[in-house]
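Structure, as C-alpha cells:
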Amino acid sequence: MQFLALALTILLAAATQAVPMQADAPSQLEHVKVAMMEYMAQVKETAQRSIDHLDDTEYKEYKVQLSQSLDNLQQYAQTASESLAPYSEAIGVQLTEATAAVRAEVMKDVEELRSQLEPKRAELKEVLDKHIDEYRKRLEPLIKDIVEQRRTELEAFRVKIEPVVEEMRAKVSANVEETKAKLMPIVETVRAKLTERLEELRTLASPYAEEYKEQMVKAVGEVREKVVPLTTDFKGQLGPAAEQAKEKLMALYETISQAMKA
C-alpha cells in the first residue's frame, strides 16, 4: 500500500510538470533517499544526546547497547538504500516513460488554456484599471482631508512657535550685546598693556638704533672719503666710465645717508 501511494504521488507530480521534467523522476527518488538518510542521522544524533545525559555509573552498559543499536539501524538504512538504488532508477525510468503521454496531454491543455486566456488580458487590464480608479476616487478625498489637516496643524504650530522664535532672537541679540559689553573692558585692558609693552620696547631699543645709525653714517663717510680720491685718479684714466661709476657711488651714498636719517 505504501509503495502504491508513493507511485501515485510520483505519477501526479510528473503529470503536472513540463517536458523538461522527463529526466527528474530519478532525481526525485534520489532526493527521497537522501532525505531519509538525513532523517536517520538526525534521529541518531538526538537519541545520542539523550543518552549522553544518563549517568555513566548506572546506565553505562545500557548506553553502550543503545548506541550500538543506533549505529546498526543507521548502517541498515544505508545498506538498504544502496541495495534499492538500481530499482529506484529503474522505477524512475519506467514512470517517466509511462507518464509521457499524460504529460503531453497536460502540456496540450496548458497551451490551449494559455491561448484562450491571451485575448482576455486586455479585458483583465481594463477591469483592473477600473477597480484601481474606483479605489483612487474613494481614497482621494480621505487623502486630501489628511493633507489639509496636517497643513492646518503645521500652520497652528508655526503660529505658536513664531513668538518663541522672535523672543529667542531678541534674547540672542541682547546676549551678544551683553557679552560685548563684558568683553570690551578686557579687550581695552589687553590693548593698553600691549601698547605699553611696545612703547617700552621701542624706548629700550632707541639708543641701540641711534648708535647703529651713527656707526653706519660714519662707515659710509669713511667709504666716501676713500672712494672720492680713487674716482679722481681713475677719472683721467677711464674717462666717461669713471665719471659714471662715480655718479653711481655718490647716488648709493646719498640713498644710504637718507635711510640712516629717517
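Positions of Cβ are set from backbone N, Cα and C atoms, glycine also.
Over in Swiss-Prot, the protein carries these features:
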type	residues	note
SIGNAL	1-18	signal peptide
REGION	32-63	region '3 X approximate tandem repeats'
REPEAT	64-85	repeat '1'
REGION	64-262	region '10 X approximate tandem repeats'
REPEAT	87-107	repeat '2'
REPEAT	108-118	repeat '3'
REPEAT	119-140	repeat '4'
REPEAT	141-162	repeat '5'
REPEAT	163-184	repeat '6'
REPEAT	185-206	repeat '7'
REPEAT	207-228	repeat '8'
REPEAT	229-239	repeat '9'
REPEAT	240-262	repeat '10'
DSSP on the repeat '6' (163-184): how many residues come out helix, how many strand, how many coil?
22 helix, 0 strand, 0 coil
Three-state composition of the repeat '7' (185-206), taking helix and strand from DSSP:
22 helix, 0 strand, 0 coil
